[in-house]
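*Asks:* So that we are looking at the same thing, I have put the structure below in structure tokens.
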Amino acid sequence: GTRVISPTAIGGRGCLCTPSYTGTVCDVPVSPCLSAPCVNNGSCVITPGTSNFSCVCTPTFTGVFCETYINPCLTYPCANGGTCYRTADSKPICACAPTYTGAQCFTRIEPCLSSPCVNNGICVSSLSYNYTCICQSNYT
């Protein structure tokens, strides 16, 4: 650092340090993490033996400073007309179309499972999620 006369230093003398050092004789390196360079809850980690750092990002961010958002729905497709949403803890979740279920909407809901036909009618499901009841001869 540069020696300067300072009324606050002991004996009226002290050092004016470069931005990367501090201390009375500019011998203490300033941590590169002091300025909080990592954003979006990223953690700053100093590379041992150097004045370099790296940012350890949370799962939904990337980039040198954790500045780039990663949409969790990009790698979590919802099938059969389902829509992906991000939960409060940044996890992807699918809202399925009415005729599908499951984590990613792959399972078709079988309309005959609820036994919609009465009086011993036989339920026959169609590909379009509809069903038809085949009634006994004395029913319509």
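In case you wondered, yes, glycine gets a Cβ from its N, Cα and C as well.
So TrEMBL says this about it:
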DISULFID  Cys38-Cys55  disulfide bond
DISULFID  Cys57-Cys66  disulfide bond
DISULFID  Cys96-Cys105  disulfide bond
DOMAIN    29-67  domain 'EGF-like'
DOMAIN    69-106  domain 'EGF-like'
DOMAIN    108-140  domain 'EGF-like'
*Asks:* Per DSSP, what is the helix/strand/coil residue tally across the domain 'EGF-like' (69-106)?
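*Replies:* Across the domain 'EGF-like' (69-106), DSSP assigns the residues as follows: 4 helix, 11 strand, 23 coil.
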*Asks:* Which disulfide-bonded residues (Cys38, Cys96, Cys105) fall within 10 Å of Cys57 (disulfide bond) by Cα distance?
*Replies:* Cys38
*Asks:* On the three-state reduction of DSSP, what should I expect for Cys38 (disulfide bond)?
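*Replies:* Once the DSSP labels are grouped into three classes, Cys38 (disulfide bond) ends up as coil.
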*Asks:* At a 10 A cut-off on CB-CB distances, which of the disulfide-bonded residues Cys38, Cys55, Cys96 has the highest count?
*Replies:* Cys38
*Asks:* Using Cα-Cα distances with a 10 Å cut-off, which of the disulfide-bonded residues Cys66, Cys96, Cys105 are near Cys38 (disulfide bond)?
*Replies:* Cys66
*Asks:* 10 Å Cβ neighbour count around Cys66 (disulfide bond)?
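*Replies:* Other Cβ atoms found within 10 Å: 21.
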*Asks:* Helix, strand, coil: count each for the residues of the domain 'EGF-like' (29-67), based on DSSP.
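*Replies:* Helix, strand and coil residues of the domain 'EGF-like' (29-67) number 0 helix, 11 strand, 28 coil.
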*Asks:* I need the nearest neighbour of Cys55 (disulfide bond) among the disulfide-bonded residues Cys66, Cys96, Cys105, using C-alpha distances.
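*Replies:* Out of the listed candidates, the nearest Cα belongs to Cys66.
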*Asks:* Between 0 and 100, where does the mean pLDDT of the domain 'EGF-like' (69-106) sit?
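*Replies:* Within the domain 'EGF-like' (69-106), the model's average pLDDT equals 93.
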